[in-house]
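Down below is the structure, laid out as structure tokens.
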Amino acid sequence: MEKYKILECIGHGSFGRIYKVQRLKDGALLAQKEIHFGNITRQEKQYIADEVNILRNLKHPNIVQYCGEELNRSAQVINLYMEYCGHGDLANLIQRYKEEKKRFTEQEVLKFFTQLLLALYRCHYGENAPACDSQWPREIFHPKQSVLHRDIKPANIFLDENNSVKLGDFGLSKLLDNTRVFTQSYVGTPYYMSPEIIRSSPYSAKSDVWALGCVIFEICMLTHPFEGRSYLELQRNICQGNLSCWDHHYSDDVFLLIRHCLEVNSDLRPTTYQLLRSPILSDIRSKLESERVVLEQSDLLHKKHQMLIQLENDLQFREQRLSARESELENVIASRLAQREEILRRELEKQLRDMDARYQRHMQTVVNSMQKMRVTSPVDHNEQPESSTAEMFVDCTIEASQSPLLHIPKLGISKPLQTLSCPGFTLTTQQPILKRPTLRKELSSRALHTTATLMKYRANASSLRTTPIDKDGQITSLQQKNGTSNQVADCMNKLLHTSLDGKKLSPSELCNKFSDGEGLPNRKVSKLSVESDETAVSASSGESVPTDSTLTDTKSKSVFVHPPSPQSLYVEKLEKLNIRSDEVSKPSKASKTLHGYALPSLASPYDVHAEEKIARENEMDGNFKTMKINQHPDEYVLRTPKKIQLLEGQKRSPVKQLGRLGYNKLRRSAMDNAGLELRKAASTSNYTSLQSRTLPGSWRDDEEEIPRPFLRKMLDARMMRA
């Protein structure tokens with residue numbers, strides 16, 4: 001790292017150039033003396049070393065201050081840094097005055113002379129001269145070290161900004177100790193050479209005084225004191241003391257001082273100690289000391305001011321660096337915040353996109369599900385509702401009437417299906433958990449089978465059975481005894497006994513009327529849920545309800561008690577399969593029956609006790625082993641719609657699908673037992689024996705027989721399902 005900055009070249013020395021430089025750490029101006037030692041002799045190198053050693057130890061206000069050296073071995077250059085004197089050397093000043101034909105004042109001459117004496121005193125005696133008002137030591141005092149300049153001339157005397165004299169360029173100076181008072185060698189300028197040097201006498205401190213006298217004479221007269229056409233003539237004039245010229249422009253005191261310094265006899269020549277004690281120089285010295293104190297104070301203040309300025313500059317520089325650092329930190333923080341905000345924004349956008357994608361997928365799923373499961377309420381009863389069998393609801397309102405006419409409840413979608421209560425077994429209220437596609441397919445198949453089967457049996461008058469009546473001739477119901485009411489059983493009771501108790505119609509007439517759709521609401525449904533006829537209620541005529549013994553004891557009653565109809569047996573199977581669900585599915589085409597009608601059903605909110613159910617189931621299993629079948633030739637083919645006939649001939653019929661789901665339960669049902677008896681009777685073709693085998697409370701005498709084709713198709717369907 002560079003410590004100095006070169007400003008300009010200010011001169012040439014004995015061994016190189018002299019530059020004006022600036023010290024970077026404090027801005028002080030210095031003079032850099034460049035000395036190349038690569039091509040110089042050993043003696044010249046010793047001169048350089050001596051000068052460096054001398055300058056390190058010489059510190060005086062009138063001596064050029066040594067500031068340091070810098071060695072560059074690669075370039076073989078040594079740089080000496082000394083105090084910079086802004087007004088140049090004394091030789092240039094004399095030349096300028098000579099050109100301008102100006103003369104120095106006597107005070108200026110005495111001032112230069114006194115300052116040079118003080119500098120030589122420091123070199124000769126090794127210490128500063130005592131103050132002018134103090135006690136001077138004796139002249140016999142010998143300093144420990146003495147320095148002989150040996151090259152005092154105007155070119156080696158410098159002036160600073162205050163025109164103070166600075167003695168410099170100690171390149172030819174010789175360091176003497178106490179044992180070596182004189183030196184035999186001399187190298188200097190001939191115009192300032194002392195007589196003893198010309199006579200080859202030893203060189204002493206008084207030789208520097210001779211050179212000082214020559215310099216003061218040149219300052220006064222602006223010319224050399226000794227002149228000659230040749231070197232010999234110059235030497236002769238120096239040895240004789242013949243001065244070139246002298247005018248009376250200055251006082252005699254000045255001339256006497258110069259004359260004493262140019263004494264040819266060195267023994268009579270005064271020393272610096274004697275010259276400083278002269279009265280004429282004492283006054284000048286006092287003034288110089290006063291000026292020096294003022295200058296020192298001024299320099300001190302100036303240095304302090306410069307120091308303050310430097311501190312202010314440093315503080316300002318640090319403030320600028322701090323401000324730049326703050327702005328840089330702010331930019332870094334802002335950039336990092338911006339990056340963080342960008343990252344958070346991207347993450348938030350990604351989350352929003354993910355949420356939107358999930359929402360879109362969810363909405364698409366919901367839309368697809370709603371498109372598959374959408375249910376819209378019909379405007380009127382003539383409009384087909386867009387609902388599946390599981391979405392069908394039943395209106396629980398039944399018109400109460402005292403008339404024995406048949407009143408069938410209307411089907412609607414206002415209320416959900418309730419839990420069915422069937423006699424002979426206990427049903428749980430927990431709904432089976434099925435997946436949506438499986439449930440939709442299963443419910444559609446079950447609804448198709450339910451509707452097709454009921455429509456098939458509805459065409460036969462032999463499927464209509466009556467219920468027991470009590471002693472007073474009124475129709476009774478088991479559940480009325482338990483304090484409950486079943487509207488589906490009431491409707492079935494009314495439907496089955498209208499011909500006998502109401503309008504006295506025959507089974508054939510009732511079948512025809514029922515097939516024509518009389519008394520049924522003009523509404524299409526997709527699923528039928530009915531209940532066992534064991535829970536039938538009395539008709540609107542207000543007949544009483546018989547007890548359970550009416551079903552089993554045939555001898556105690558005089559009226560005929562018919563076995564359960566195929567509708568009730570089929571309902572019992574559905575109940576054992578626990579087919580109940582509120583899930584939504586689209587209506588299937590197979591759910592549309594003949595004329596769009598199906599028997600309505602309502603769910604009973606109450607169940608009988610478990611023991612009574614088991615007892616009834618056992619009784620039903622024992623009582624329905626034989627049936628009386630009335631034959632009606634080709635009634636099934638004539639009255640059954642073509643759609644039902646086709647459905648029964650399908651490869652995968654609803655009956656087969658329903659049989660897959662509940663095979664074990666169906667085999668244990670009463671209908672399977674009755675179906676097996678019918679199958680055996682059909683295989684033996686013993687219709688008379690089948691007719692003679694009647695259940696307790698036998699069939700009615702005027703009841704028509706089931707046609708053989710219808711019976712065979714029914715049994716084939718049961719066997720296929722099993």
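Cβ atoms are placed via backbone N, Cα and C, with glycine included.
Within the listed segments 528-557, 678-707, Swiss-Prot records region 'Disordered' for the stretch 528-557. Reduced to three states, the DSSP call for I18 (ATP binding site) is strand.
Between I18 (ATP binding site) and D151 (active site, proton acceptor), the C-alpha separation comes to 18 Å. Residue density at D151 (active site, proton acceptor): 20 other Cβ atoms are found within 10 A of its Cβ, drawing on all protein chains shown.
G16 (ATP binding site) and D151 (active site, proton acceptor) have their C-alpha atoms 18 Å apart, to the nearest angstrom.
The Cβ neighbour count for I18 (ATP binding site), using a 10 Å radius and every protein chain shown, is 18. Cβ neighbour count for H12 (ATP binding site): 10 (other Cβ atoms within 10 Å of its Cβ, all protein chains included). Taking Cβ-Cβ distances under 8 Å and a sequence separation of 6 or more, the neighbours of I10 (ATP binding site) in its chain are I18, Y19, K20, A31, G88.
In the shown protein chains, 17 other C-beta atoms lie within 10 A of the C-beta of G16 (ATP binding site).
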